[in-house]
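Student: Feature annotation from Swiss-Prot assigns topological domain 'Extracellular' to 1-37, 94-118, 184-191, 267-279. As annotated by Swiss-Prot, N-linked glycosylation site applies to 29. Annotated transmembrane segment per Swiss-Prot: 38-63, 73-93, 119-140, 164-183, 192-211, 241-266, 280-300, in sequence order. For 64-72, 141-163, 212-240, 301-317, the entry in Swiss-Prot reads topological domain 'Cytoplasmic', with the evidence type sequence analysis. The S-palmitoyl cysteine annotation in Swiss-Prot covers 315.
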């Protein structure tokens, strides 16, 4: 994705020479000040991408194979897995091509590399946007299933879910193309940051409201069975811990990347901001880590999906 620092890694590798970079060390910024730079080895980056790729391929395969999983909720989960798959795959492709160019194993004209870089940028950006959208869609789906349980199947139908999925994909590709074309405009970067904050607020509000409703329900049961008061307290703590982990992982994995975009707008030349820009590859690695964690949170907790996945793996042998 075209941002400062590592945004033109493919194009820059045509004239670059490999240098030994420490995994964790101090690097000098433009003013000569020392700042902390965390380098992500290419091998680790590719390994994370491969793990994410395998996980999300398994999720998509299991949902496609089992007709019992062809419901709106699993439709959103499948599309989230597909988005995460594209995020990991596009970053792996860029890293692999870069390594081949740097090693001299792949010869290409600058114009060809530029076009390839643009295509990868669009895929990466659109898959990031769609991933955030599907995380929000899953939160909305769960909210409706709790607060409108009796009307859920009339509100969230499969045709509506498919239309929502199509709209998300089309909008993601369209806006990512515009973002890549006009990435050097501050308004474009601010739009991306505002979109991330909107998804964060949406998920936080919905999940907190769902937790409050669940605690109220557990409290009502505890009143009928006074002996279960301690169990109710434990449920509240467990729910709060789950919510903290869910939102915490989302913020920790996505937040640094959008902080990077924010600082490009606010302080592109400031020494402190320049230090943060040096860790762009780390921020991408965190997003890939989120793509690894998403199936664990949203997919593999389903007993039906795990059973189907087991059948798929056994059949493959």
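Each Cβ is built from the backbone N, Cα and C atoms, and glycine gets one as well.
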Student: List, by number or range, the same-chain residues at least 6 past the transmembrane segment (192-211) whose CB is under 8 A from its CB atoms?
Tutor: 129, 132-133, 135-136, 139-140, 142-143, 146-147, 179, 239-240, 243, 246-247, 250-251, 254, 258, 261-262, 265
Student: Using a Cβ cut-off under 8 Å, which residues of the same chain at least 6 positions beyond either end of the topological domain 'Cytoplasmic' (64-72) come close to it?
Tutor: 78, 141, 156-158, 160-161, 302, 304-305, 308, 311-312
Student: Have a look around the residue listed as 'S-palmitoyl cysteine' and count the other CB atoms within 10 A of its CB, chains all included.
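Tutor: Around the Cβ of the residue listed as 'S-palmitoyl cysteine', 8 other Cβ atoms lie within 10 Å.
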Student: Write out how many residues of the topological domain 'Extracellular' (184-191) are helix, how many strand and how many coil, based on DSSP.
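Tutor: The breakdown for the topological domain 'Extracellular' (184-191) reads 6 helix, 0 strand, 2 coil.
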Student: Taking 38-63, 73-93, 119-140, 164-183, 241-266 as candidates, which has the most Cβ pairs under 8 Å with the transmembrane segment (280-300)?
Tutor: 38-63
Student: Report, as numbers and ranges, every residue of the chain located at least six residues beyond the transmembrane segment (119-140) whose Cβ falls under 8 Å of a Cβ in that stretch; write 'none' if there are none.
Tutor: 1-2, 10, 73, 76-77, 79-80, 83-84, 86-87, 90-91, 93-94, 164, 168-169, 171-173, 175-177, 179-180, 195-196, 199, 202-203, 206-207, 250, 254, 287, 291, 294, 298
